[in-house]
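Novice: Please read through the structure below; I'll follow up with questions.
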């Protein structure tokens, strides 16, 4: 890894230089919540944000996405070629994108996702955990790759980790904005990371978690929470790794139609329905349990399907807490 | 265009045949001969049918790769999309993309006995296996146990009844079970009392012995059927690794992206479209919710 320093006074110039890449999207405060929006100046962003409501997946797997266009009886498709900058991604969201990569870039690759991923410049930023974060338990609190540049806060600027060739190029082109990293900066970086590591309030005990949950398939805890759950699907929408989508064709006039895909939720009754009316997950309990199993699935090569961002907890209208459910299910085994 | 895995290839409907009041057999050929040439499928695989401007649905291939130049799909009128397709006529165009999913291990099963167990519409994917096995002649004894609700629901009736009468010549023994009595059934039952009976598909196992060392079972039918058929096969000491079944789930993409066909729990999560639709009973034992 290459490390360089971006002094505070150069931050704005650096930000403006990114315009050459494309439109810049960053965290913006809207009322009580944050969201990734297009920003014109560095001052528009709230870089000390905790989490946005929708994760950055919305730039790659869009809530509504027209994938094909039917004209003269034939499908036409156009993949996006517009480059853009995602500024200020937290480590958990970078890990979330890596999980999506595994699915969408796996053979055969999704051409829409692939093009958008190629066009996106990812700039990460360090953060302090709040009461919902449990990324440390899942090992997603620090990103080792998956970004072009990663900014770590220092008292007088940013320690920048260069994570890709593209990141190198950007640093190279803006050479005059960056300094060498000093011993003092390293000390500050170390202190920040240590303070951050000790600030986590929530912890998921993941030892043998996948098997424990599987063994607790008939635990009454699932039912207890499924009864509280409103089955609204909010947790699916805000999850950085949930990616189920539904497809539908729509006529826009008598001669043209579009094929659109949009977010789907495993909490919807239609999710497990097949032709003829048979449903493989007919009850809310089945669907509730399925989401937890999906998120807690442990892939030996990629880890869990959850990155511990805390969105599902913060935006759950029923106040269901992910870690608490898993702990209780595990506890019910004894 | 062709690089986009979501874009289907045009296929022309060569023939539409009524199989039952609910099911029709569509014979298709790709408009572009090159596409047709490159479309290599194996028994057990499925395709996504694209009715442009209306939507897509997955359907298993019921023809055999041994019979080239066309593909066949047995489509039941079960919803909005299939109702639309049922109105289509010869000469019309649909989109086809695929083939998708894994397949029955036909090569591994060579020189063995095959027990095909079909329930209702489950006959469609197994017909592909059946014709493959008969055409290639590389299999020992083939059993086809086929259970339907009534004689009128019997899919590929001519072929099945023909094999019932003359199947022994190609080492194929067909047995039929029906639930609702009708004159045709009674007639068949009279002629083939040891092969046709009133009851469920598991009743057909009665009196049959398999060489467990050299037999594979292949199952397809409604969800409720699997448990009972598997029990019957295990009772006969067939190894779980030799019991293959093909499953149905809602599939939108067919290539493991849309997430609708995900089954299993935290220790084993599988996409039916990509990891299946053919699974062994070992898979079912390690993946909850598979059957």
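Glycine residues also receive a Cβ, built from the backbone N, Cα and C atoms like all the rest.
Quick paste of what TrEMBL says about this protein:
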type	residues	note
DOMAIN	B:6-106	domain 'FAD-binding FR-type'
BINDING	B:253, B:258, B:261, B:273	[2Fe-2S] cluster binding site
Novice: Within 8 Å of the Cβ centroid of the [2Fe-2S] cluster site residues B:253, B:258, B:261, B:273, which other residues of the same chain have their Cβ?
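Specialist: Leaving out the recorded residues gives B:249, B:250, B:251, B:252, B:254, B:255, B:256, B:257, B:259, B:260, B:271, B:272, B:274.
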Novice: Out of the binding-site residues B:258, B:261, B:273, which are near chain A, with a C-beta less than 8 A away from one of its C-betas?
Specialist: B:258
Novice: Please work out the number of neighbouring Cβ atoms within 10 Å of the Cβ of residue B:261 ([2Fe-2S] cluster binding site), leaving out its own Cβ.
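Specialist: The answer is 27.
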Novice: Select the most exposed residue of B:253, B:258, B:273, where exposure means the fewest other Cβ atoms within 10 Å, treating these as the binding-site residues.
Specialist: B:258
Novice: Would you report the average pLDDT that the model assigns to the domain 'FAD-binding FR-type' (B:6-106)?
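Specialist: A mean pLDDT of 95 is what the model gives the domain 'FAD-binding FR-type' (B:6-106).
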